[in-house]
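Per Swiss-Prot, the features are:
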BINDING   R129, R169, G175, G176, R208, I210, E215, G241, I242, H243, Q284, E298  ATP 1 binding site
BINDING   Q284, E298  Mn(2+) 1 binding site
BINDING   E298, N300  Mg(2+) 2 binding site
BINDING   E298, N300  Mn(2+) 2 binding site
BINDING   R707, S746, I748, E752, G777, V778, H779, S780, Q820, E832  ATP 2 binding site
BINDING   Q820, E832  Mg(2+) 3 binding site
BINDING   E832, N834  Mn(2+) 4 binding site
DOMAIN    133-327  domain 'ATP-grasp 1'
REGION    1-401  region 'Carboxyphosphate synthetic domain'
REGION    402-546  region 'Oligomerization domain'
REGION    547-929  region 'Carbamoyl phosphate synthetic domain'
REGION    930-1058  region 'Allosteric domain'
Amino acid sequence: MPKRTDIQKIMVIGSGPIIIGQAAEFDYAGTQACLSLKEEGYEVVLVNSNPATIMTDKEIADKVYIEPITLEFVTRILRKERPDALLPTLGGQTGLNMAMELSKNGILDELGVEFLGTRLSAIDQAEDRDLFKQLMEELEQPIPESEIVNTVEEAIAFAATIGYPVIVRPAFTLGGTGGGMCANEKELREITENGLKLSPVTQCLIERSIAGFKEIEYEVMRDSADNALVVCNMENFDPVGIHTGDSIVFAPAQTMSDYENQMLRDASLSIIRALKIEGGCNVQLALDPNSFKYYVIEVNPRVSRSSALASKATGYPIAKLAAKIAVGLTLDEVINPVTGSTYAMFEPALDYVVAKIPRFPFDKFEKGERRLGTQMKATGEVMAIGRNIEESLLKACRSLEIGVHHNEIPELAAVSDDALIEKVVKAQDDRLFYVSEAIRRGYTPEEIAELTKIDIFYLDKLLHIFEIEQELGAHPQDLEVLKTAKLNGFSDRKIAELWGTTDDQVRQLRLENKIVPVYKMVDTCAAEFDSETPYFYSTYGWENESIRSDKESVLVLGSGPIRIGQGVEFDYATVHSVKAIQAAGYEAIIMNSNPETVSTDFSVSDKLYFEPLTFEDVMNVIDLEQPKGVIVQFGGQTAINLAEPLAKAGVTILGTQVADLDRAEDRDLFEQALKELDIPQPPGQTATNEEEAALAARKIGFPVLVRPSYVLGGRAMEIVENEEDLRSYMRTAVKASPDHPVLVDSYIVGQECEVDAISDGKNVLIPGIMEHIERAGVHSGDSMAVYPPQTLSQKVQETIADYTKRLAIGLHCLGMMNIQFVIKDEKVYVIEVNPRASRTVPFLSKVTNIPMAQVATKLILGQSLSELGYQNGLYPESTRVHIKAPVFSFTKLAKVDSLLGPEMKSTGEVMGSDATLEKALYKAFEASYLHLPTFGNVVFTIADDAKEEALNLARRFQNIGYGILATEGTAAFFASHGLQAQPVGKIGDDDKDIPSFVRKGRIQAIINTVGTKRTADEDGEQIRRSAIEHGVPLFTALDTANAMLKVLESRSFVTEAI
């Protein structure tokens, strides 16, 4: 059926900020879909609140609205644009929920807007637990016995009839939020109570636990002519019971018989046909390992995390085709873009194995609850491709960037057997490494399978890896064993470790004996047809399929998995850099390991290598491609850390040189550079042990900011107020050494701001200055940033511009750099300089209309700013006000404190833009899900040093009609200054303490600051946790509360009797 001509304008809803459970895969899907619709001649209107994505670039849609995804704003845009249709299946759960809300609200009917791709009834049938159950019964598809409940009592009654363990699944929440496994009534009571609160319809499903079954997923497509096919099936290494987003996944499935595969394939196709979905759909099933019994777990009637993985694993572009199907095209009339010759109506065949491993944030959250269950905790993921399971698994392990280069964490050797087995049974984020350690200790695959329900097939593979380790250890320098190890994915570093030699010597031995990888093409058809995709993976085998072109090439290193501190912003810069390389006439090659992102879409670059970002893997590609040089400044710390080893190996680093990167990152060299340039910085010293640190702090004077050198996202950074806290920090938080000193700086409480600058070596373009709302001490990635600055004097702005130019020229910066300043009493100090693209690049590019990463790349390749038409210095300001606000994922991470400080905690960002600061702030708060009603109660629990300032805020809250509550000390202070606040207990005062007020819905906002003694703050942590769990806006910085007040004041009216 040809495409529809009765619709011209289509609205696409994006997925908003990146949170755990909804990451960059939707930027990838949304970008593909918008371009796919434009390609067919439709006008595309996009709404998304996330500035950090490629999807919200002007070129992606005809009209791009970076506005909050809320009923209020989307309705406005619908009325203004009047689209003919809405495509809701590409914006994750956020997009789906928004579409449902618009539909229930009646606005779509009023404007005559129709749904494309998936009918509303199908979304309801897949998402609403009751309707889903009815549909499965009609199709005679087995589902675990379950009951829908609206109260805790109903849950307990049902569990009594089927027996424990049971699983709780709240309706309409994302990534399993609020759900969990319950072994007894106490756990059931706790989890159901929380789940009912988090479900927008106060509804939970209680179901029989089928933990221990194999978890299998099918990614299926269907069109309006009822053609349906399976793109890919996937098998979780972890059995049912761990959220699929937190599981290690292999594609294609490895342990099913042909009969089982056909059985589950038929089930999946019958479900997508019954739901009449036009587009992509994901079906999750549980298979009993001991019989042919299976259950349908759930169906996602939209593009999902798994479909991004399936697209990258097979090369079959699901989102692109889903968009074409949504407008009426059928699978047998769309050409498969991979082969360019076959149609999309065929099932991809794979002649390789793909492994996906999730990336967790627990390196940043040491206190976080690491036990895995039905609620997702990973922030990102890596994928690796190999010719066997061992190879793809080991390549994925070294892609994770958690300091491992094999399926082994050396520290685990010291763990006792009992502790080891407990971790093997009770899965944490690092279970793979514990299981591998158990095998090294002689536990058999059978014993471990019994304990974990992991299929023995995978455990045998781990045993095989261990056997190769032993072979290597027994035969140093043996070429045959070396070949075997390389065929199974071993890194040079692991081999060097077992041989007691260096990585470099292993590499030399390989090169001398021509043991080098070949590159194979991902072609969707197991080489059955000719293919034209430039998408490759390495393996040690025969016949290299990646042919070097005659054109000069440039290699761009991506940023690897998404984690806190290094998010999708760096992928954004990578993609823009590629566009500029191509425009300059070079071949652009990308190397990256993240399946969720736009940069690993094979149509973005001239060549894509899906490989780990390690020295060995990068050098292998360089040896083959011989590029003109490598660009490292867009891949975050991942790529920057590779600059030095690559340069030592004789590779040309394009842009700022390694020696200059070092001058910005190495403390002593940096201080020296600032002295030479006559730029002030807060007084500070380096320390290599506890005594040196104490001495430095006494000299500088408390408070001090302490942190390790060379980190991204403020890992292990703290503000300490006294020597006792400093000593405990040095003992527990960091492993200081002469190689890894700790920086001790005077902590200046001032206004913080940052600048991104682009330099060609002679001139410096400063697109804009961003002012932070939170004062210094909150990590820049967790601060709200305002552009253009609202409170900085002309003199301060000129000083900032002057220092920026001096630094860029003085540090020989070529390309991008980011500088953070703190201002106190009109004096400007430099806090830090990053000689690379930073996380503010997408935001600043969008609000200034300067494609910063593209400009930087053109300068790196030899053009000058004047040739590109840019002047030297600060770019003229925009007249509108733009705010970048952080978004957090605390609801997903139990035991992680939501208190803001110098260590970054946000997972994503939103943008609010309008004519005034207050309006822009309102949008930013709305977009980041911080919605404050216009009346209610606000609680203050404030540290002594901030009570004075909090008093002023409390008065202003009272003036606009809020009731003021406060904890004992704060209430007494307020009373002594003439403000009566209702006293409320902190913790443990039964039904009079803050958490119980929160549970009863009597509190609309909490303002909680923490004093200098962090130790005494367990109460505060419980208060903050209760706010997070009940969705009550929480402010741990008075500046953020002040910004919210400005919004409320601008929206409130004074009513007074005459």
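All residue numbers here begin at 1 and follow the chain in the order shown.
Cβ from N, Cα, C; glycine included.
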Problem set entry | Residues R707, S746, I748, E752, G777, V778, H779, S780, Q820, E832 binding ATP 2 per the record - widest CA separation, whole Å | 18
Seminar exercise, completed: The binding-site residues listed are I242, E298, N300, E832, N834; by CA-CA distance, the one closest to Q820 (ATP 2 binding site) is E832
Exercise. Which whole-number mean pLDDT does the model give the region 'Carboxyphosphate synthetic domain' (1-401)?
Worked result: 93
Exercise. Closest of the binding-site residues to N834 (Mn(2+) 4 binding site), Cα to Cα, picking from R129, I242, Q284, N300?
Worked result: I242
For this session: Would you count the other CB atoms within 10 A of the CB of E215 (ATP 1 binding site), including those on all shown protein chains?
Result: 24
Exercise. Counting other Cβ atoms within 10 Å of each Cβ, which of the binding-site residues Q820, N834 scores lowest?
Worked result: Q820
Exercise. Going by C-alpha distance, which of the binding-site residues R129, R208, I242, Q284, N300 is nearest to I748 (ATP 2 binding site)?
Worked result: I242
For this session: Please report the number of other Cβ atoms within 10 Å of the Cβ of R129 (ATP 1 binding site).
Result: 23
For this session: Do me a favour and check the Cα-Cα span between R129 (ATP 1 binding site) and E298 (Mn(2+) 1 binding site); whole Å is fine.
Result: 9
Problem set entry | Cα-Cα distance linking I242 (ATP 1 binding site) and E298 (Mn(2+) 1 binding site), given in Å to the nearest integer | 14
For this session: Give me the Cα-Cα distance between E215 (ATP 1 binding site) and G777 (ATP 2 binding site), rounded to a whole Å.
Result: 44
Exercise. What are the DSSP helix/strand/coil residue counts across the region 'Allosteric domain' (930-1058)?
Worked result: 63 helix, 21 strand, 45 coil
Problem set entry | Integer Cα-Cα distance in angstrom, Q284 (ATP 1 binding site) to H779 (ATP 2 binding site) | 39
For this session: To the nearest whole angstrom, state the Cα distance for the pair G777 (ATP 2 binding site) and E832 (Mg(2+) 3 binding site).
Result: 13
Seminar exercise, completed: Listed in sequence order, the residues of the same chain lying six or more positions from E832 (Mg(2+) 3 binding site) whose CB sits under 8 Å from its CB are I819, Q820
Seminar exercise, completed: binding-site residues considered: I242, I748; fewest surrounding Cβ atoms within 10 Å belongs to I748
Problem set entry | Spatially closest candidate among R208, I242, R707, H779, the listed binding-site residues, to N300 (Mg(2+) 2 binding site) (Cα to Cα) | I242
Exercise. Which residue counts does DSSP yield for the region 'Oligomerization domain' (402-546) in the helix, strand and coil classes, in that order?
Worked result: 78 helix, 11 strand, 56 coil
Exercise. If one measures from the C-alpha of H779 (ATP 2 binding site) to the C-alpha of R208 (ATP 1 binding site), what distance in angstrom results, rounded to a whole number?
Worked result: 44
